[in-house]
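This is the structure, below, for whatever I ask next.
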Amino acid sequence: MIGDEGSEADIEHSLKFLHDALERCPRARRARAMDGGAGVGRVTKHVLLKMFNSVHLIEGSEALSKHSRRYLGNKRAQRCSFAHARLEGFQPMPGAFDLVWIQWTLQYMIDDDVVEFLRNCAASLERFGVVVVKENRPSWRGKESRFEFDTPAGPNARFDITRPDAHHAWLFAQAGLCVVHSEHFDETTAWLLAPRNERAAGPSVSR
């Protein structure tokens, strides 16, 4: 996620969703989180650092990654680590994180890259860790099952695709993740995901 363009309402929803997610998964630790596609660190600053001891920010833009240190401020930045890397090729250490948060990021990736990234995220989780994904959903009333594409012109333009919920669920399954909980907020859908083997094990997730 890029910057501060999200509203306070989005932050409030994210905080509540994360609080509820950790209640649903009581064995998930609150030590280390990853912010995938972190931008300048908006989610890290206002959400993740409020509930986790430290956060690892991964961002594909070198300029945004550098700016995130200033945006967070010295005190918060001391609890963070930073990586400039393409998400689809990022391979973290197994068991490195208790939570992976991904927001407004998958829309800039093709399906194959989304699956690869999510698989790597799942592999990076501590035993009872979870993934949260928050992405836009199609806004056409009555046509929520359709895809929306944005292909703007210009040297700095970025292709993006808004996927329907059903397609996101299919991508999650391809990556070995199952949906523990999902909910709509404004124009977004938020998902709580767990690796399929941990979901099957049962004790880490409560209904």
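For all residues, glycine too, the Cβ spot is worked out from N, Cα and C.
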Of Q91, Q103, which one shares the S-adenosyl-L-methionine site with G37, R42 in TrEMBL?
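So, going by the record in TrEMBL, that would be Q103.
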Need one number for the S-adenosyl-L-methionine-binding residues G37, R42, Q103: the maximum pairwise CA distance in Å, whole number please.
11
Let me know the DSSP-derived helix, strand or coil state of Q103 (S-adenosyl-L-methionine binding site), please.
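Note: Q103 (S-adenosyl-L-methionine binding site) is in a strand by DSSP.
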Looking only at DSSP and grouping its letters into three states, which state does G37 (S-adenosyl-L-methionine binding site) belong to?
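Assignment for G37 (S-adenosyl-L-methionine binding site) reads coil.
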